[in-house]
Amino acid sequence: MKTSLRSVVVFILGALFILGLPWFLGKFGISLMNDIGIGALVALGLVLLTGVGGATSFGQAAFVGVAAYTTAYLTTHFDLSAWMGLLAAILITATCALIIGCITLRLGGHFLPLSTIAWGLSISLLFGNMDMLGRNTGITNIPPVSLGNVALLSPLQMYYLIWLLVGLALLFSYYLLRSRAGRVIRSLRGGSVLLASVGEDAFVVRLKLFVTAAVFAALAGWLYAHMNRFVSPSPFDLHASINYLLMAILGGVGFLSGALVGAAGVLISKNYIQDVLPLVSSRGGQLEAIVFSALFILLLHFARGGIMSFVAKRKRVSQQSVTADKKRYQPSGEPPLTERAPLAAGTQVLSVDGVVRRFGGLVAVNNVSFTVTAGEIVGLIGPNGAGKSTMFNLITGVLGKTEGRIHFLGEDVTHKSQRQIARMGVARTFQHVKLRPAMSVLDSVALGANMRGSAGFIRSGLGLNRAEENRILDQAYKQLQRIGLEGSEYTPAGKLPLGLQRILEIARALASDPVLLILDEPAAGLRKHEKEVLATLLRQLKAEGLTILIVEHDMDFVMKLVDRLVVMNFGAKLIEGSPQQVRADKKVQDAYLGGTGE
Ligand code: ADP
Ligand code: MG
C-alpha cells in the first residue's frame, strides 16, 4: 500500500497550518475553530457512512449527545477523570449504534433515514425529561480534561486537543478507505450480491460503518462536554443532526477533506448570518432556519458533489493530461499470497443432481443434472427463458433450492449461502457488469482478492495492514497482467468499454484464486471484436488449467471454446455432449438453432 506523496504533503501542510493558526486568531477565532473541529469530526463520520457507504443518518447529533451526557454524568456524579469518561462515552455510544444499526440497517429505502430521525428526536426528548440528567437545565460543572497536572481550561489548550483528534480521525479514515476493508466499504453501493460474491455480508459492513461514524460523533460529544463544561439537550436535537448532514454535503460527501471544508463553511456562514439577520428582522432565529433550509435545497440542486468536487474536478483534468498515462503500479516484492493446491485431473468439481426450481406455478428448472470435472470448460446453453440464469443462481447460492442436490468438491452446498459458496472457491461474473465506476482498475481487481486477506476496520484504519495490503495489490496487478490490462491500473473502471469491463470482472474473479469460475452470459452486448478478445482470454485460462462453467445464450461463441455442452430448454435438460454432437442434434436445431437463428 502506498500513501501518495501528494496526500502526505497536503496533510503536513495542513498540520503546520493548524499549529500556526492560533497566532493569527483572536479569542473568538479560536473558539470558532474549536466548534469547526468538533463539527468536522461528526461530518467525517457522515462522509464515510453517507458519502461512501450510501446510508443517510439523521441521528448523528443524538450520538454526540449520548457521549456528551455519558462523560458529563460520570465525571460529575462519580468523580471519574475525563479520560475514563472518554472510554465510557465511546463504549456506550458504540453500543447504542450497534443496537440501532441492528434494528434499522436491514430496512431498505427511506426507512433508515426515517428511523434515524425517530432516534434523533427521542434522544433529545429523553435528555430533557430525565431528572438524573438535569432535565432541560442539563448538567453543569463538568471538569476539564487534564493532562498530568495541567487542566485544559483555555480555548487555546482545547484547540490543540480537538485538532489533534481531528487529525487522527482523518488519518484513520484515509487509511481505512485505502485498504481491504475500504474497498468493501466503497463497494457497498454496488449491492449485496456483489459483496457476497467477494465473501462479505453487506449488512455487517454497513453496521461496522454505522458504529465507526457513531464513535467519531462520540469523540465530538466528549470534546464538547469538556470544552463547554456543561451540557443541555438542545445542541443534540434533530436540528443539529441536519446541520451535521449539511456540513458533510456542503464539503462533498465523497471527500474526507470535505468534512473540514463543510464544517468550516456551515459554522462560519452561520455566524455571519447570526450577525446580519437581526439587522434585517427582529425574528432572526426563525429567519436563520429558513435561510439554512434554502441553502440546503440550493446545494442539493446545483452542487451535489459539494465544494471539494469542484476542486477535484479541476485536478483530475490536469492529471489526465500529464500523469495518468505514466503512473504504473510498482509490485512491492512481498511474498505472494498463498494459493490453493491444484486439483488432481479428473476430480469432480461440481455435480448438479435432479435440481428443480419453481417460481409459483412456473417450473424454471426442471430436474436438471450435470457435472463439471477439473480442468474442463463446460457450456450451459439454451434459448431465452430456458432457465440458465436460474440454474446459475442456484449453483452460486443466490437463490434457495426447492428439490435436488448440488455438490461442490464433494461437499453438499445445496443450502449454503452465497458467501459460503464464494468462500469455498466458486468465483463468478455478472450478466450485468457490477463494477464501481469510480474505483480504479487495480482496486476493482483487488476487491476480488478480499477473501485472501483478513485486515478489518481497526487494523486497516491504524495502518497495520501494509504487508497484507501489498500482497493483495500485487495479486491484483498479476491478474491485470494476465488479462492484458496492465498500464490502466489507475483508470476508473467505469471509463473502460463494456468488453474490457467484462474482462475486468473476470480478473476480479481470478484474484480470489478460484477452483471454479462461472460466467453469466459473458458475450452479451459485446461487439464482434470484443467477443474474439474474450474468447482468446478464456482459451488461455483453460490452457492454464482453470475449471470454467459458461452460461451463455450465444451458441456460436461457446461452440469453439468448450469441451462439453449442456443444453437446456423450457427448464429441462435437452441434451449433453460435445459441440459436434450438440450441433448435429435434431432436437437442439429445432429448439434453438432453427428457432432463434443464433
Ligand atoms: P434464461 O437465463 O435461460 O434466459 P431464466 O432462468 O432467466 O432463463 O428464466 C427461466 C424462466 O423462469 C423464465 O420463464 C422466467 O420468466 C422465469 N423466472 C426467472 N426468474 C424468475 C423470478 N425471480 N420470478 C418468477 N419467474 C422467474
Ligand atoms: Mg439469463
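Just so it is clear, glycine is given a Cβ too, placed from its N, Cα and C backbone atoms.
Feature annotation from TrEMBL assigns domain 'ABC transporter' to 350-595.
Residues 33, 156, 159, 163, 167, 170-171, 174, 257 of the same chain lie 6+ residues outside the transmembrane segment (6-26) yet bring a C-beta within less than 8 angstroms of a C-beta in it. The transmembrane segment annotation in TrEMBL covers 6-26 (among others).
Residues or ranges marked as transmembrane segment by TrEMBL: 38-63 (among others).
Annotated transmembrane segment per TrEMBL: 83-104 (among others), in sequence order.
As annotated by TrEMBL, transmembrane segment applies to 111-128 (among others).
As annotated by TrEMBL, transmembrane segment applies to 158-177 (among others).
Within its own chain, the transmembrane segment (207-225) is flanked in space by residues 37-39, 41-42, 44-46, 48-49, 52-53, 55, 57, 60-61, 63-72, 82, 85-86, 89-90, 93-94, 96-98, 100-102, 105, 142, 158, 161-162, 165, 169, 176, 185, 188, 231, 235-236, 456-457, which lie at least six positions past its ends and keep a Cβ under 8 Å from the stretch. If you look up TrEMBL, you'll see 207-225 (among others) marked as transmembrane segment.
Residues or ranges marked as transmembrane segment by TrEMBL: 245-268 (among others).
What TrEMBL records for 289-312 (among others) is transmembrane segment.
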Which of 38-63, 83-104, 158-177 contacts the transmembrane segment (111-128) most, counting Cβ pairs under 8 Å: 38-63
Top partner of the transmembrane segment (158-177) among 38-63, 83-104, 245-268, 289-312 - counted as Cβ pairs under 8 Å: 38-63
Among 38-63, 245-268, 289-312, stretch most in contact with the transmembrane segment (83-104) (C-beta, under 8 angstroms): 38-63
Same-chain residues at least 6 beyond the ends of the transmembrane segment (245-268) whose Cβ lies under 8 Å from its Cβ atoms: 10, 32, 35-37, 39-44, 46-47, 50-52, 56-58, 60, 166, 170, 173-174, 177, 292, 295-296, 299-300, 304-309, 312
